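Asks: After the structure tokens below, expect a handful of questions from me.
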């Protein structure tokens, strides 16, 4: 192996900053693996234009990068103030009024966009506005009005979000806007579709069904950001199993469960997702200071590194690339942090499912290949010749410290695999089967500079190339 490859993937959000100065191509060249379209912001035409530009760059550079559409979901917000903002003092009484015109907020009251909110609350509940910067205690909730008392005050401006401490708001996971955005996601052919604020597995099943009805085959990502979603281990597992991947959206989740609980929940979610053979993205404020600064803080470096050490498939950038001043520099710095953390030996050994029995042949082959990778001296790489990408995904659930090359002629499969930890997707289209195809794969990777003569590699493949679900062979070959 000539160069150590970065195993943890980087998700970057597109926005005004990537629209200028050739920044989209710069972040792609800097190492982005997934491009995120945040449907909370931007117009339909802007998203389509960015998708077209991204595909042109990917084709020209011969890069395999996944597109991720992120639905806004039922984010509950206050309306607008006549003077754009107010200052709330501790002890003030303040009314949230479901019937107030959306532009008529004042020092005493403001409108809300979720008319059901007064019926979801009881006396004593605590509402968290603007990511918890403002806290209101419910004194009375009747009809269309919620009378509150300010517990933590400060400046409150237009359209700030509302959360309930401990969760429990009944808004549906998919709004009418989300349904329109699923159509948009289908039109730009995203590989992944992120569902915001799911409370249970049924929310994800409904989203998957709706996406398929609109013609999308996108894999479903569950954004974990409600307290109900992490209520207990059974709920966590149900949500993970109903999705193809999860995103730990630490902003709203931290507001609802409390920041002090966040670190433990993050580790539990990552561990559980990997055990259940699902992908996991860690997100929110990872390199926040680089929105306006050319270097991250030491705390941000440690945050990214810890997400890598926890086993995240990917770490995500939001405003850092969408509206920040240093989008490419942020990606470069994050990539360096990931590679630095990946040097730690303790994360390169895994006993995951070492004693498990399998009903699925592909999974058994993947597990056996990774067992050999961790126990036979001299192995330098794992090569999975795959149609659907399933074998590549399964092998990536076992930590070995070795690169996994997913070889396929299916470009959609290669795009999906760009999110899998430790997996490098490579286009490969052989007319041969078995041993000849395996040797062709080795020659290709050696010519690309990934392998050296004399190294040992593990190859998984099926007897017949081009058939989904037919992986039944694992072999060890020497690079010549």
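Each Cβ is built from the backbone N, Cα and C atoms, and glycine gets one as well.
Keep in mind that what you see is a predicted model, and the values were worked out from it rather than measured.
OK, Swiss-Prot features for this one:
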BINDING   36, 251, 252, 284  substrate binding site
BINDING   38, 39, 40, 41, 77, 160  ATP binding site
BINDING   38, 40, 70  K(+) binding site
BINDING   225, 252  Mg(2+) binding site
SITE      223  site 'Transition state stabilizer'
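Could you place these features in context, so I can see how deep they sit and what lies close by?
Replies: Annotation for residue 252 (substrate binding site): spatial neighbours 131, 161, 163, 197, 225, 226, criterion Cβ-Cβ under 8 Å with sequence separation of six or more.
Within the same chain, residues at least six positions away from residue 40 (ATP binding site) with a Cβ under 8 Å of its Cβ are 70, 72, 75.
A coil conformation is recorded for residue 40 (ATP binding site) in the three-state DSSP classification, outside any helix or strand.
In the three-state DSSP reading, residue 225 (Mg(2+) binding site) counts as coil. Taking all protein chains in view, 27 other C-beta atoms sit within 10 angstroms of the C-beta of residue 225 (Mg(2+) binding site).
All protein chains considered, the CB of residue 223 (site 'Transition state stabilizer') has 25 other CB atoms within 10 Å.
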Asks: Could you work out which of the binding-site residues (36, 41) has its C-beta surrounded by the smallest number of other C-beta atoms within 10 A?
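Replies: Taking 36, 41 as the binding-site residues, the minimal 10 Å Cβ count falls on 41.
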Asks: Rounded to the nearest angstrom, how far is the Cα of residue 251 (substrate binding site) from the Cα of residue 160 (ATP binding site)?
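Replies: Approximately 13 Å lies between the Cα of residue 160 (ATP binding site) and that of residue 251 (substrate binding site).
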Asks: Given the binding-site residues 38, 70, 77, 251, which one is most crowded in terms of C-beta atoms within 10 angstroms?
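Replies: When each Cβ's neighbours within 10 Å are tallied, 70 leads.
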Asks: In Å, rounded, how far does the Cα of residue 251 (substrate binding site) sit from the Cα of residue 41 (ATP binding site)?
Replies: 17
Asks: How big is the gap, in Å, between the Cα of residue 284 (substrate binding site) and that of residue 223 (site 'Transition state stabilizer'), rounded to a whole number?
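Replies: Rounded to the nearest whole number, the Cα-Cα distance is 11 Å.
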Asks: Helix, strand or coil at residue 251 (substrate binding site), per DSSP?
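Replies: It is helical.
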